[in-house]
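Can you keep this structure in mind? I'll have questions shortly.
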Amino acid sequence: MEGQTPGGGGLSEKPVPTAAGPGLSSLGAVFILLKSALGAGLLNFPWAFHKAGGVAPAFLMELVSLVFLISGLVVLGYAASVSGQATYQGVVGGLCGPAIGKLCEACFIVNLLMISVAFLRVVGDQLEKLWAFLLPGAAPAPPPWYTDQRFSLVLLCLLVILPLSAPREIGFQRHTSILGTLAACYLALVIVVQYYLRPQDLAREPRLVSSPSSWTSVFSVFPTICFGFQCHEAAVSIYCSMRRQSLGHWALVSVLSLLACCLVYSLTGVYGFLTFGTDVSADILMSYPGSDGVVIVARVLFAVSIVTAYPIVLFLGRSVMQDFWRQGCGGACGPWALAEPSGPWVRMPLTVLWVTVTLAMALFLPDLSKIIGIIGGISSFFIFIFPGLCLICAVSVEPIGPRVKCCLEAWGVVSVLVGTFIFGQSTVAAVMELL
């Protein structure tokens, strides 16, 4: 850290562990944070706008959520400086106690695992559509063997995803994050341009809704927002990898990242919904004709965006398993107990295990669209509940003025309550759909 903030009544900052090497620049941190949020949720936003009852109520919910999203990122940076931990689960466990820490680790693993499966599933679907476009044929004829997901997706994991996931530090992803961010922005641009150009296949007038069907339908946009904006799991790792670590600077990085992310999501949601209305699909690209070359390019670039996001998710999940290795291995692992958790003898097997498990689940599990609500519900822990608890615990041990302390504790309680409501609403709705 660069020091302490002036004034005894403010928020003090303490040194936190920094990553080996030169560290992340501010621009690199913005791009990694932005890329962590820009993922499969981009495809769901037009459908979420439809479910919420139109542009106005959905956009209002997005703006309200944005306040908590930015607050959560800033709180996590502050909590990292107070606790001296370099991982999300370490910060939660250090401030809130071992029980809450174990709950965080469990939610962390389940959430990141399902996100990885969803990523691979989306990429596999895009590969199938791409092969269908490149190799058109008669309907009764079976497609070539190499177009099957069981071959193409496995090959993609071996040649692209695994090498991108192997490096030790998350800072390496700043290069691929720029490419993925540009790909996601291109998808939003295509949706906006297609709305104004109105190709012949999209010439019919969409049916729009101007109000929600019920007051509860407004909240149906929350799972998609949580699923789409979930960059908080990476926040602590990114913060601790930055060269310049100060709370004010981190707040600026958080605001810039989420505002840019909100712009991309809003353009995609608004114009995708206005283009198709109530007929919009949960995957916006499924609503467009498969022969449109511009949309085909968008499919390819969006697949690239997802492929570059997968290693960031894997890095976070691997960090939890490396913590388990440090804490629980001991002498039970024999000669493996001497291996450094971040070294290649531990890091590479964990990476291969993660890719193998998520690939198997993506190939053999049914359609994951109905599970997005559950993923969004679990994400509410990392966006609302855990940051709120960390804020409450952090201000209780810091020398802060009574008025500031009272306000921060109140905001922490509000964050926990809002997160609990979103988790309950999202999980119940998802389970009802599954049943």
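Positions of Cβ are set from backbone N, Cα and C atoms, glycine also.
Curation plays no part in TrEMBL annotations; they are all automatic predictions.
The shown structure was predicted, so the numbers you read here are calculated from the model rather than taken from an experiment.
Per TrEMBL, domain 'Amino acid transporter transmembrane' is recorded for 25-425. What TrEMBL lists as transmembrane segment is 24-47, 59-80, 100-123, 151-166, 178-197, 217-239, 251-274, 294-316, 345-365, 371-397, 409-432.
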Sort out the residues at least 6 away from either end of the transmembrane segment (178-197), same chain, that have Cβ-Cβ distances under 8 Å to it, and list them.
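Cβ under 8 Å, 6 or more out: 31, 34-35, 38, 42, 46, 264, 267-268, 271-272, 274-275, 284, 288, 294-295, 297-298, 301-302, 304-309.
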What stretch, picked from 100-123, 151-166, 251-274, 371-397, 409-432, has the most CB pairs under 8 A with the transmembrane segment (217-239)?
371-397
How about the transmembrane segment (59-80) with the transmembrane segment (294-316) - do they touch, taking at least 3 C-beta pairs under 8 Å (6 or more apart in sequence) as contact?
no
Give me the stretch from 24-47, 100-123, 151-166, 371-397 with the greatest number of Cβ pairs under 8 Å to the transmembrane segment (251-274).
24-47
Counting Cβ pairs under 8 Å that are 6 or more apart in sequence, does the total for the transmembrane segment (24-47) and the transmembrane segment (151-166) reach three or more?
no
Same chain only, please: residues at least 6 beyond the ends of the transmembrane segment (371-397) with a C-beta under 8 Å from a C-beta of the stretch. Say none if there are none.
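Those are 44, 68-69, 71-72, 75-76, 78-79, 82-83, 88, 91-92, 95-96, 100, 104, 107-108, 110-111, 114-115, 118, 222-227, 229-230, 232-233, 404-405, 408-409, 411-416, 418-420, 422-427, 429-431, 433-434, in sequence order.
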List, by number or range, the same-chain residues at least 6 past the transmembrane segment (294-316) whose CB is under 8 A from its CB atoms?
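Beyond its ends, the transmembrane segment (294-316) has Cβ neighbours at 32, 35-36, 38-40, 42-43, 88, 108, 112, 115-116, 119-120, 122-123, 126-127, 129-130, 133, 156, 160-161, 164-165, 170, 173, 176-177, 179-184, 186-187, 190, 193-194, 233-234, 237, 285, 288, 351, 354-355.
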How about long-range neighbours of the transmembrane segment (151-166): same chain, 6 or more residues beyond its ends, C-beta under 8 Å?
120, 123-124, 127, 131, 145, 173, 176, 307-308, 310-311, 314-315, 347-348, 351-352, 354-355, 359, 362-363
If we skip the immediate neighbours and take only residues 6+ beyond the ends of the transmembrane segment (100-123), which ones have a Cβ under 8 Å from one of its Cβ atoms?
39-40, 43, 88-90, 92-94, 153, 156-157, 230, 233, 283, 303, 306-307, 309-310, 313-314, 316-317, 320-321, 323-324, 354, 357-359, 361-362, 365, 368, 371-372, 374-375, 378-379, 381-382, 386, 389
